[in-house]
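Notes to accompany the following structure.
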Amino acid sequence: MIQGSTPLLFVWNDMNEPSVFSGPELTMLKDAVHCGDWEHRDLHNLYGFYQHMATVEGLITRSGGLERPFVLSRSFFAGSQRLGAVWTGDNVANWEYLKISVPMVLSLSLAGIAFCGADVGGFIQDPEPELLVRWYQAGALQPFFRGHSANVTNRREPWLFGDEVTAAIRTVIQQRYSLLPYWYTLFHQAHTSALPPLRPLWVEFPEEESTFSVDSQYMLGDKKLFIFFFPEVVLWGPDCCIETIPPEGAKRLWTTSSL
């Protein structure tokens, strides 16, 4: 670790695919040779994984093995769930990227990467006020929750968008904090059983075949169902019917809503 670093310094491993902007594939050439005469084509997915692992081990050493480290990594591989958080990478501040963030984190969760999320507000370009609020609402319901943007974008602190936006985002963050005991319970469950906090509906309701292709809503644990509406993205049509799956033994409920 950095000489003289404090116990409050944690680490974000970025660009560790590795990223090489001047190359034809934005990473190392496949025939680049590493130590031991291994070509990069054989090590690409392991490069960031072992960087992530080494960082975690450094933080554990710094605390004498007494504290759990936090290390965020952009590159990850099978087994990265044992090391820390990941995110979905550079995204764009538009409704389509907000929409696809939900199936992306569901896919990561099913692959065993439980501590995952997407950049709130989009990394590239500037979100309009409604998009920013909607993204905070969605991001606060993902395991890893943060705002992040490129240094060439406009500043996007909530209060810069006015009182209404600030109040809406504050409410979302307060709700996130109120759920922290539930999040901790779900992460303990993920640690002991590999069952992720975010679950497609079919995980909890495997007998309901209609849920098998649903990726615009999910369960947070086995207690909370979240459904997302994206006003500028056509999901099913102007008059869609949303089915809410009830707990076993409860009465089936139907709601209709226009997008």
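Along the chain as shown, residues are numbered 1 onward.
Just so it is clear, glycine is given a Cβ too, placed from its N, Cα and C backbone atoms.
Remember, predicted model here, so these are calculated numbers, not experimental data.
According to TrEMBL, the protein carries these features:
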DOMAIN    10-186  domain 'Glycoside hydrolase family 31 TIM barrel'
DOMAIN    195-223  domain 'Glycosyl hydrolase family 31 C-terminal'
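Residues 99, 102-103, 105-106, 109-110, 112, 114, 141-143, 182-183, 185-187, 189, 230, 235, 243, 245 of the same chain lie 6+ residues outside the domain 'Glycosyl hydrolase family 31 C-terminal' (195-223) yet bring a C-beta within less than 8 angstroms of a C-beta in it. For the domain 'Glycosyl hydrolase family 31 C-terminal' (195-223), the number of residues in each DSSP class (helix H, G, I; strand E, B; coil) is 7 helix, 6 strand, 16 coil. The average pLDDT for the domain 'Glycoside hydrolase family 31 TIM barrel' (10-186) in the predicted structure is 94.
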